[in-house]
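Student: Next up is a structure, given as structure tokens.
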Amino acid sequence: MTTLTAPSAGGRSRPRHPNRPSWEEPPSVAGEGAKGLTLGAVVVLILLPLYCVVLTSFSTPGAINRAGGLVIVPDGLTTDAYTTMLSDDTVRRSLLVTLGITVVGTAISMAVSVLCAYGLSRSRSLGHRFLLLVLVVTMFVNGGLIPTFLVVNGLGGFGKYWALILPSAVSVFNILVLRSFYSSTAAELIDAARMDGASEWRILWSVVLPTSRAVTAVISLFYAVGYWNTFFNAMLYLSADSQKWPLQMVLYEYVNRGMNMPGQVNSGFGVAGHSQTAPLSLQMAVVVLTLLPITIVFPFMQKHFAKGMLTGAIKG
Amino acid sequence: MASTVAEQGEDERDKSGQPAGDGGAGRTAAGSVQPEVRRNWRVRLRRDKSLILMTLPAVALLLVFNYLPMVGTITAFQYYDPLDGIRNSEWAGFANFRQLFGDPLFWHAMENTLYISAVQLILFFPIPILLALLLNSVLNSRIRSIIQAITFLPHFYSWVLVVTLFQQMLGGAGLLNHFLRSHDMGTWDVMTDPHTFSLLVTSQVVWKDAGWGIIVFLAALSAIDQNLYEAAASDGAGRWRRMWHITLPGMRGVIVLMLVLRLGNALSVGFEQLLIQRYAVGHDAADVLDTFSFYYGIGTQNYSYGAAAGIFKSVISLLLIWGANKLAHRFGEDGLYRK
């Protein structure tokens, strides 16, 4: 790879890649091979577990038996696990709870964040420096686990859904990303609207929001993923009442720790052991249920946030 | 994180560029459309009151759920009893801290924290940099964005999910042990082995976040002037020399910034991640400062004791950030904030 090879045997036969600058020496076969192998290995390491889990969730008990655990080669497919899972009250309830928390939480977070980001986006508005400081301080200093728990408890949050939403509703980082967008990319439009005498509320609603759909979508995704994945707060405030568990709690208790599911005692769900092959497909179906929405939404968002995060990062 | 830093940097420059002071008459706002004269605050309040109003919901939430807990840290200096509340609980002075510093379990948690942190610094930190370099050298933009999308994906999975996936791959009934068993090579339940736990934890972090971590480095790479490469190549510098003399210096600022952040967070090693696995591997291997604070604070309802451990961690963390920044400045970099 180091050598500035005169284009000999291997080099000349292949056409130059159109994206390769003309001054760059042709790649060595060994170098290209090593690069391909490494990147291939990275992709396989990430996708293999997902593939096995999805395949196992669709496998028949016989296939899982023959494989002795996770299935790698398709061998008898069925959707039984999903039928069983979706007829299970605990899973159904937790899915509803998680959907509710995600939708309500994201709505609250976005409303609060967009308002705050826009409110701080005008340079030299009264008090914006102080308010910004109030925000940024929380990124570096926090009261810690116990005092936060005591505050939420003191406000009566124990056993309430809002304990999963309000304490984490504001992400200062997300607000700063929105603000930097409003005060850079959207700045000219905003200034023009101010010249026309539009009120701030009107500017936000009919100028800022329509022109910043991409960044709004990205930040919404960040919040939604956070709520979808909420686990620790659920464990802290809702663990006593399995009726209120979100999906991640169900995944933890029944798959990770192998507890019995209330409705599934007889069929032997849980008790992690590879001899009980039928429930394994059910467990994997729960895993698929938790990873599915993120995996589906993700490809549509990817190009947006790669771009958004890049512009954010370049400034730093 | 990076854009936050940009914000602060921006403001710093703002401040130094234009000395503050009310009634700085005739001062034009550079870059803004309307050249505004700063009048007294009454006028500005009338002009900006809707903007201020907009920030209030977020500020209120932060006051309740971030600032109020900061006040709540005084429970660490009490024998806090939920029935009495903060106001009526008995004062303890530094008794909780004395007890903490004499607690072998606490020092064990500290040791685990530092050990896992060090392993992650050595084994995790370089990987996003190397991946970014590798990905940046892929010429086909379609392949590049597909690989990038795949490596980003695990960042958005929850820790419960990631640990479950690892359990299915490496656990006692998982794929690895099935393979070992069917080849008569014994078994190795990676998930419950305390000796290799720090490596397991690190590999989980790599799986989940190494792909996401490349974003800032890719940004730094794309900011490097491509003409430098051409000039160097025409002067006869090969691939490795170009990487050493152009690419790495171009990434230096970001690498130092990330290092500062990592060092500042040295005492935070995946709270949820360890909490989930504590059950399988045992508290001896899995207890770190955060889980210690949780189990001995909330678990045993000894809130003041847990809060004391929390304060200790916060203070050391702030010192670490400050120290890491000093170090960054010494190397001539900005770090988290400018000198």
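Cβ atoms are placed via backbone N, Cα and C, with glycine included.
Feature list, courtesy of TrEMBL:
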REGION    A:1-29  region 'Disordered'
TRANSMEM  A:37-58  transmembrane segment
TRANSMEM  A:95-118  transmembrane segment
DOMAIN    A:95-301  domain 'ABC transmembrane type-1'
TRANSMEM  A:130-155  transmembrane segment
TRANSMEM  A:161-182  transmembrane segment
TRANSMEM  A:203-228  transmembrane segment
TRANSMEM  A:280-301  transmembrane segment
Student: For the transmembrane segment (A:130-155), which stretch among A:37-58, A:95-118, A:161-182, A:203-228, A:280-301 has the most Cβ pairs under 8 A?
Tutor: A:161-182
Student: With CB pairs under 8 Å as the measure, which of the listed stretches A:37-58, A:95-118, A:161-182, A:203-228 comes out on top against the transmembrane segment (A:280-301)?
Tutor: A:37-58
Student: Counting only residues 6 or more past its boundaries, what in the same chain has a CB within less than 8 Å of a CB in the transmembrane segment (A:95-118)?
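Tutor: Contacts of the transmembrane segment (A:95-118) (Cβ under 8 Å, skipping residues fewer than 6 from its ends): 135, 161, 164-166, 169-171, 174-176, 178-179, 182, 200, 204, 208-209, 216, 219-220, 223-224, 226-228, 230, 244-248, 289.
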